[in-house]
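Only one structure is covered here, and it is reproduced in the block below.
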Amino acid sequence: MTVTLLVENPEFAEEKGFNEESELVLDGGFLVPYANSFGHGFRDYDAESERQEGVESFYKLNHINQTFDFVKNMRKEYGQLNRVEMSIWECCELLNDVVDESDPDLDEPQIQHLLQTAEAIRKDYPNEDWLHLTALIHDLGKVLLLPSFGGLPQWAVVGDTYPLGCAFDKSIVHHKYFVENPDYYNPAYNTKYGVYSPNCGLDNVMMSWGHDDYMYLVAKENKTTLPSAALFVIRYHSFYSLHRSDAYKHLMNEEDVENLKWLRIFNKYDLYSKSKVRVNVEKVKPYYLSLIEKYFPAKLQW
């Protein structure tokens, strides 16, 4: 497939060999772009962009309100999977109106981001169809923002994730706001291991609540046949303090170490394919429907 990037700066396009219509056609391997949709470096939380102030406000609310007890209650409530019955593709279509306020790199509808990521991976890893599908579904949990799923606030759905029940690592973005989180002062939760033991395995760790953990629960409880690496990618793709800063490795077991290799491959595409890209949905839809049929039941409980 050919992916077309729309370029907003014609002078830059001319220098880099873009065509006269200001489009770049990618026919080879995945290329890491120089800047995000706003002209800044990716995951630059200090850049003065039109979204920066809103992103920081988001993380303040997130860090104050994501507590061990809050996540425990959310997992209990949403783990019942009694909201709706629908297919994976129906859920993809629900995301057309969702914009992630925590993301400084993109303000496009989520369905395009899913397809951008999946198609970029498909080009470079054509034989790993499970990874193509994982890319398509990794953000489906963002339906939690919609009224039919409880209309949760953004801070309880999106943004970087991190463990609860142990100390907040300083590599977590906007760490300064954790001082207003009650868990920060709880002696049971504010040490290196907290309520956990060395190499206990990330499956046993309570992560901050959001779309990652919810989609992980949906896939697991609906008996997906995707490999464990896929479930790992879904649950931890926003766990940047681990896969970018190597924090919390003391909680990982051997299976986590192996799966982390796939997460790091996936992350390059998840992060750097965010741009003014347009994927022809109808053209690629049959391929992804075939993968959904291979790895999931026709209808899932959400």
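Using N, Cα and C of the backbone, Cβ positions are placed for all residues, glycine too.
Any TrEMBL annotation is an automated prediction that lacks curation.
What TrEMBL records for Arg43, Asp100, Glu101, Ser102, Lys142, Gly159, Asp160, His237, Ser238 is substrate binding site. Here TrEMBL flags His113, His138, Asp139, His211, His237, Asp270 as Fe cation binding site.
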| message | Going by a 10 angstroms cut-off between Cβ atoms, which of the binding-site residues Glu101, Asp270 has the sparsest surroundings? | response | Glu101
| Relative to the Cβ of His211 (Fe cation binding site), which residues of the same chain, six or more apart in sequence, are found under 8 Å away? | Asp139, Leu140, Gly141, Lys142, Val143, Leu144, Val157, Val158
| task | Let me know how many other Cβ atoms fall within 10 Å of the Cβ of His113 (Fe cation binding site). | result | 26
| said: Around the Fe cation site formed by His113, His138, Asp139, His211, His237, Asp270, list the extra residues of the same chain whose Cβ is within 8 Å of the site's Cβ centroid. | reply: Leu114, Thr117, Ala135, Lys142, Asp212, Ser238
| Which one is closest to Asp270 (Fe cation binding site) in space, judged by CA to CA distance, out of the binding-site residues Glu101, Asp160, Ser238? | Ser238
| query | Can you tell me how far the Cα of Glu101 (substrate binding site) sits from the Cα of His113 (Fe cation binding site), in Å? | reply | 14
| Length of the line joining the Cα atoms of Asp160 (substrate binding site) and His113 (Fe cation binding site), in Å | 17
| In the structure shown, which of the binding-site residues Asp139, Asp160 has the fewest other Cβ atoms within 10 Å? | Asp160
| field | Residue pair His138 (Fe cation binding site), Ser238 (substrate binding site) - Cα distance, angstrom, rounded | value | 10
| So what sits near His237 (Fe cation binding site) in its own chain, CB-to-CB under 8 Å and at least six residues off in sequence? | His138, Asp212, Leu263, Phe266, Asn267, Asp270
